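Step one of this worksheet: look at the structure below.
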Ligand SMILES: Nc1ncnc2c1ncn2[C@@H]1O[C@H](COP(=O)(O)OP(=O)(O)O)[C@@H](O)[C@H]1O
Ligand SMILES: O=C(CO)[C@@H](O)[C@H](O)COP(=O)(O)O
C-alpha cells in the first residue's frame, strides 16, 4: 500500500480521502460538516477552528491501520477566505468567505485609491471583487480594529490548514491568485495593492512565501501527527484552492482541458500554459496549482439554487430531479435568475433570486424545479462563450461537484453547452486532486502523466449533446439573458 491523503475543506463540509496509489483505489472518504454564519448584509463567516475540528473528526473515523501507512498529505480548501492570524499563530477573527458580499464598499474604495479598474487590471490581471480576499483585510481594519492591530500573518484557509499540519507559514500561486493582491502575470504578491489597504503598515511582510508547485510546504509536525494518528515527518504538498485541486482530480492539467464544478458555487475552469486574462471580467485570471494557469468563471449559486428550491417545497434531491424531468426544456417560459446569494459574474453582490415569466398556465412546481437546474447552467454558459472569445476551444467538459451526481442535470449541462460531458470515477475531485498533488510531491515527474495514470472516467455517466435540445436551450438562454439585463439596474 502507498496511502496518500487529500483533505478538502469546502464551504459545507471537510472531506478526507485516502487513496492507495499502488492499487489505484480510493480506500475511503469521510466527512464532517461545518456551520455557516449568515447575516442580511451579505456576511458569510466561519470560525477557522471549525476546519481543524472537522479535520480531527474525519481522521478519528479512519482505521488506525490505514493512518499508519500514510506517506504524504495534500490540502485543498475553499478559495479566497481571509484567516487573520496573530504572531503566535492564534486566529484573531472569524474567516470571511468567498461568498461574503458585505465588502462592496471596501472594493470600490480600494479600486478608486489604486487609480481605477484599468490600473487594477494592469497590476493584478484581475478586478477587486467582494469575494476575493483583499477587501476583507480593509474590512478587518475598519470594523475589527483590535484584531487588525494584532495581525501578523495573512493566510487563506488552505494555508492555515497547512500551518496546522506543518507549523510553517506557506502559500502557493493557485490559491494566492484569488486574493486580489497577487500579480498573476508575474506570480508575485503585489506590494502596491497592499499599500492601498494601509500605507502605514507593512502588510506585505505578513504574507507567506510562495512554494513552487510540486514542492512540499513542509512536513507533518509531531503535535499534529499525534492528534491525527498519522506518521510524523511525512511531506505535506503545497496544496491548492479547491478549484485548483479539482483541476488535478479531474485531470484538467493539460492544454485545452475544461472542467465544470457543480458545488455550492458553480465554476468553469480550463488549464492553460500561459496566463489568460479577461478584460470583460467574466473569467478570473487564476493560476493553477501545477505550475500553469487556470482561467475560471465562478458563479455564487449552483447547488445553492437547487437547495433553496427543494427546501422551499420540502423535497429531497431525487424528488427535485424527478419533478424537473416532467417539465419541458425551457420550462414553458418560466425563467429563474439564481442570484440567491448575490452574484459575482455578473458582478451583482446585492443581486437577488428571481422567478420570472409566470402565468396561470405555466405556474407548476415541475417548471420551477427545472428552472432551478437550467438557470444555474445558464449562469455558467457566459463563461464558455468567454473561453471561446479568448481562443480557448475545449473538446469536452469534465463534470464534477455534488450536482454532477444528478443524471438530468448532467444532460442539461451537456445540451446547454453543446459539448460532450465526461464524469470522473472519483466524485470528490478536490480531495482526490489534493491526494494526487501529495503523490506528485513524492514522485516528481510530470503532473500530466500522473493525472492520466490515476484519473479514470465513468463511461456510464458520460453524455453526448443533442442538437435539437441545443436549439431549444439557446432560445431559453436568450430569454434568461434578457431578464438578467432588465433586472440588473434594480440590483445596483
Ligand atoms: N443526486 C444529486 N442531485 C442533485 N444535487 C445533488 C445530488 N447529490 C448532492 N447534490 C448537491 O451537492 C451539494 C454538495 O456539493 P459539493 O460539491 O460537495 O459542495 P461544496 O464542495 O461546495 O461544499 C449538496 O448540497 C446537494 O445540493
Ligand atoms: O469562490 C470560488 C471560486 O472563485 C468558489 O468556487 C470557492 O472556491 C468555494 O467553492 P465550493 O465550496 O463551491 O467548492
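Quick reminder: no glycine exception, Cβ is built from N, Cα and C everywhere.
Look at residue 242 (active site, proton acceptor): DSSP puts it in a helix. Among the features that TrEMBL reports, active site, proton acceptor is placed at 242.
In three-state terms derived from DSSP, residue 80 (substrate binding site) belongs to neither a helical nor a strand segment and is classed as coil. What TrEMBL records for 79, 80 is substrate binding site.
The domain 'Carbohydrate kinase FGGY N-terminal' annotation in TrEMBL covers 4-249.
Feature annotation from TrEMBL assigns domain 'Carbohydrate kinase FGGY C-terminal' to 259-441.
Positions annotated as site 'Important for activity' by TrEMBL: 8. Sequence-distant contacts of residue 8 (site 'Important for activity'), defined by Cβ-Cβ distance under 8 angstroms and a gap of at least six in the same chain, are 14, 15, 16, 17, 75, 76, 77, 242, 245, 428, 430, 431, 434. Secondary structure from DSSP puts residue 8 (site 'Important for activity') in a beta strand.
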_Candidate with the highest Cβ count within 10 Å, taken from the recorded positions 80, 242_ = 242
_In the chain carrying residue 79 (substrate binding site), residues 6 or more apart in sequence that have Cβ under 8 angstroms from it_ = 98, 156, 175, 178, 241, 242, 243
